[in-house]
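According to TrEMBL, the domain 'SMP-30/Gluconolactonase/LRE-like region' annotation covers 16-264. Under the heading divalent metal cation binding site, TrEMBL lists Glu18, Asn154, Asp204. According to TrEMBL, the substrate binding site annotation covers Arg101, Asn103, Glu121. TrEMBL lists Asp204 with the feature active site, proton donor/acceptor.
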Amino acid sequence: MSSVRIECVAKEGCRVGESPVWDEKEGALLYVDITGRKVCRWSPVTRQAQAIPVDAPVSSVALRKSGDYVITLGTRFAALKWKEELVTTITEVDKDKANTRFNDGKVDPAGRYFAGTMAEEIRPAVLERHQGSLYTLLPSLSVVKHFDQVDISNGLDWSLDHKTFFYIDSLSYSVDAFDYDLQTGKIGNRRSIYKLEKEESIPDGMCIDTEGKLWVACYDGGRVIRLDPETGKRLQTVKLPVDKTTSCCFGGKDYSEMYVTSASDGMDKEWLSRQPQAGGIFKITGLGVKGVPPYPFAG
């Protein structure tokens, strides 16, 4: 695949870049810096990223049908008005836990916002285990809890026929699948479809392409891998010039570009001098596949 090109497009490094989402209306890439506490929007036209500071770790951002965005902020689902730089709380979860926060989140094809929690980290990927849960914010703005005992709730997406929900709990080193009922939003029959190899390290964010194959960013693995959820086989590996690749999405005019977020937290001076682009946002072209546009939150 000599046609694959990788370019660092947003160089002002994030501490923990995450949750890339293509905003077609703005023709821009949304993403968050979790520990940097900001929501960012990068324009391919200006080649600049705007950032809105927030008051807690912000772990995911999603489009909203009525306009603007929804985010997961600390243990809150919140609404973000971009122009006004205004954040309002929708609802809170994990009220019985002192030290958790949301992590990755994504909207399902029916407009429900799925997001999970994890314990606050002592250092990257080191934390009290089994403290997280997986939640859904419904369009009615009520919350459903699916299960708990999660370590690091992470990548999520849905199959093209919407009958399967794919999910990553990072410290299980597994990509899992559930049966999915789009009408009710219920999940069941959990199974592992891929176990990561040692050099792939920790599975993080994930997205699906129009051929129904999954792309998983490998934290500390410096790569994104393409998986066939039917066979459980790895089809492709794309290596990046940074170790801490965190998540991926498709974007651009026809969703043929892949955007990959990365992190710099937990890297010492020597490591950062070897990887000066750590925390940057990367654009990969020439993959020969396209992605599925993100769904907006219906509430």
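Backbone N, Cα and C atoms are what each Cβ position is placed from, and that goes for glycine too.
Bear in mind that the values here come from a model prediction, so they are computed numbers and not experimental data.
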Long-range Cβ environment of Glu121 (substrate binding site), under 8 Å and at least 6 residues apart: Leu127
The one of Asn103, Asn154 whose CB sees the fewest other CB atoms within 10 Å, among these binding-site residues: Asn103
Alpha-carbon distance [Asn103 (substrate binding site); Glu18 (divalent metal cation binding site)] in Å: 9
Whole-number Å value for how far Asn154 (divalent metal cation binding site) lies from Arg101 (substrate binding site) (Cα to Cα): 12
Substrate site, defined by Arg101, Asn103, Glu121: further same-chain residues with Cβ within 8 Å of the Cβ centre: Ile34, Pro57, Ser59, Thr100, Phe102, Thr117, Met118, Ala119, Glu120, Leu127, Ile152
Packing count at Glu18 (divalent metal cation binding site) (other Cβ atoms within 10 Å of its Cβ): 27
Extent of the substrate binding site in Å [max Cα distance among Arg101, Asn103, Glu121]: 11
Candidate with sparsest Cβ neighbourhood (10 Å radius) among Arg101, Asp204, the listed binding-site residues: Arg101
Inter-residue C-alpha distance, Asn103 (substrate binding site) and Asp204 (divalent metal cation binding site) (nearest angstrom): 10
Rounded mean pLDDT for the residues that make up the domain 'SMP-30/Gluconolactonase/LRE-like region' (16-264): 97
